[in-house]
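Worksheet: one structure, shown below.
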Amino acid sequence: MAAPLNINRLHCFSFLLWQFALFYCCQQIFPIFYNYTPQRECVDGSSNGTKILCELSTEQQCQLLKNCSNVTVEDPPFHSMVEEFDLYCDRAYDATLAATIQFLGVLFGTVTYGHLGDHFGRRPTSFFGIFVGIIAGISTGFAPSWQVFAVMRFICGTSVACILVVFYTYIVELIRPEQRVFMRSFFNWGYARVVFTVVCMLCDHWRSASIATALLASPTLLAIAFLLPETPKWYISKGRFADAKRAAARLKYLSGNEDEGSTGEIHIAHPGKAYTIKDLLANSTIATRTLILCSLWFATSLSAFGSDLNSGNLLGDFYVNQIASAAVTAFAKIFVFLLDTYWTSFDRRKLHQFPQVRPTAISEVFHDNKNCLNSFNFSQVLVIICYSAIMCLQIFVPDSSCDGKSARDWSSVFSNIMTVSVGQFCFIGYRPSGLPLRITCTARLTTWTVRLFGVIGIDVIQAFPGFR
């Protein structure tokens with residue numbers, strides 16, 4: 001497969017750097033760990049021991065424990081911030097608020113770092129954002145209170161945005177266009193989540209895990225500082241052609257001095273128009289496309305974060321659940337890439353539509369199931385299905401343009417913060433609720449219906465300014 005993709009050693013190195021950067025991006029699912037609520041039990045003999053715990057609502061459990069004189073805490077698989085700062089019941093909102101503040105940082109960083117990357121360059125902006133993120137991540141491990149922790153998580157969120165917007169553009173400008181889907185399929189979020197979970201499992205405590213997971217991005221930071229140059233494309237966009245040629249020569253050396261047509265070859269071209277957020281609402285046609293793109297990302301993010309951030313509430317082994325979900329994500333992306341590459345009749349639009357129907361139908365069939373064991377089994381099945389659907393979306397929705405000014409970057413901003421907040425409150429207690437599943441899948445079905453009847457299709461998306 002390497003021959004058709006024309007992969008050289010620079011490309012392989014770029015793929016690895018992207019994977020290490022994704023390790024840090026898993027800070028977005030760190031709330032699974034630092035918000036983990038250990039199960040508590042009343043052992044003073046006054047409670048009704050015949051009641052199965054998973055049949056109690058969160059409010060009922062809190063009331064039971066409030067009236068109990070002897071509360072014991074299970075030995076948790078991960079010692080969380082909730083346990084250390086006693087953020088139970090009436091104070092549980094504080095733990096959720098810390099996660100929300102973190103994603104507010106993602107929102108803020110997406111807008112801020114996007115402009116900084118355009119103005120100062122991909123390399124210095126990426127270095128600064130990742131460096132600040134590592135320092136903030138380490139600092140969270142020494143937070144004396146949840147308030148200080150939340151502030152540090154906000155900064156971590158901005159660095160995640162820097163990676164997803166600026167550093168991703170940086171990497172995309174270092175590789176070939178035909179390698180982008182390959183990179184996103186084989187160097188993906190699933191592997192990053194497996195590594196992130198293993199690190200948290202080995203650390204066993206939110207303080208040490210905060211430090212260790214922040215350091216996972218160190219190889220990327222060192223490579224930016226001492227090895228990689230600025231991209232020739234950015235230099236050209238600023239009219240700095242001499243610098244562009246020097247950067248191209250450096251990249252050619254890193255790639256192994258390959259023949260003509262290599263990464264080191266540049267073409268001087270007049271910079272195109274720089275699109276801004278105003279262009280998303282330039283006219284009714286563009287505004288409609290923007291609205292549909294936002295709804296698309298809203299549904300995708302609601303499904304992804306709704307399942308991710310609440311996966312700690314699933315019954316069964318805590319770490320097995322996390323690794324299983326991550327493995328499904330990783331292999332689903334590879335499977336989709338292979339289908340897209342070798343099955344010529346495999347239509348991307350159908351691939352986008354069909355997976356959205358499955359969770360909708362299944363959730364309607366099973367949402368009234370009240371048995372704890374069956375709910376657990378259904379939850380595992382639904383997580384697998386949702387992840388498969390999510391990967392189809394994230395691989396085939398057009399990437400950001402190489403100039404870092406794609407409308408997709410702006411569209412995703414406004415959906416992420418809302419969907420994450422919804423995800424924090426959708427699944428409460430120890431058994432997933434049927435209502436949020438139906439809300440999630442209905443949102444996905446709405447997007448699917450709009451696309452099915454031709455309001456927007458792949459050809460329309462590709463015609464949108466800033467998309468390939």
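Backbone N, Cα and C atoms are what each Cβ position is placed from, and that goes for glycine too.
Because TrEMBL annotations are produced automatically, they should be read as predictions rather than curated entries.
Copied over from TrEMBL, here are the features:
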TRANSMEM  12-34  transmembrane segment
TRANSMEM  95-114  transmembrane segment
TRANSMEM  126-144  transmembrane segment
TRANSMEM  150-170  transmembrane segment
TRANSMEM  182-202  transmembrane segment
TRANSMEM  208-228  transmembrane segment
TRANSMEM  280-299  transmembrane segment
TRANSMEM  319-343  transmembrane segment
TRANSMEM  378-398  transmembrane segment
TRANSMEM  410-430  transmembrane segment
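Across 12-34, 95-114, 150-170, 280-299, the stretch most heavily in contact with the transmembrane segment (208-228), judged by Cβ pairs under 8 Å, is 12-34. Taking pairs at least six residues apart, the transmembrane segment (95-114) and the transmembrane segment (182-202) share fewer than three Cβ pairs below 8 Å and do not count as touching.
Within its own chain, the transmembrane segment (182-202) has Cβ neighbours under 8 Å at 1, 5, 14-16, 18-19, 22-23, 25-26, 29-30, 33, 77-78, 171, 175, 209, 212-213, 216, 319, 322-323, 325-334, 336-337, 394-395, 399, counting only residues six or more beyond its boundaries.
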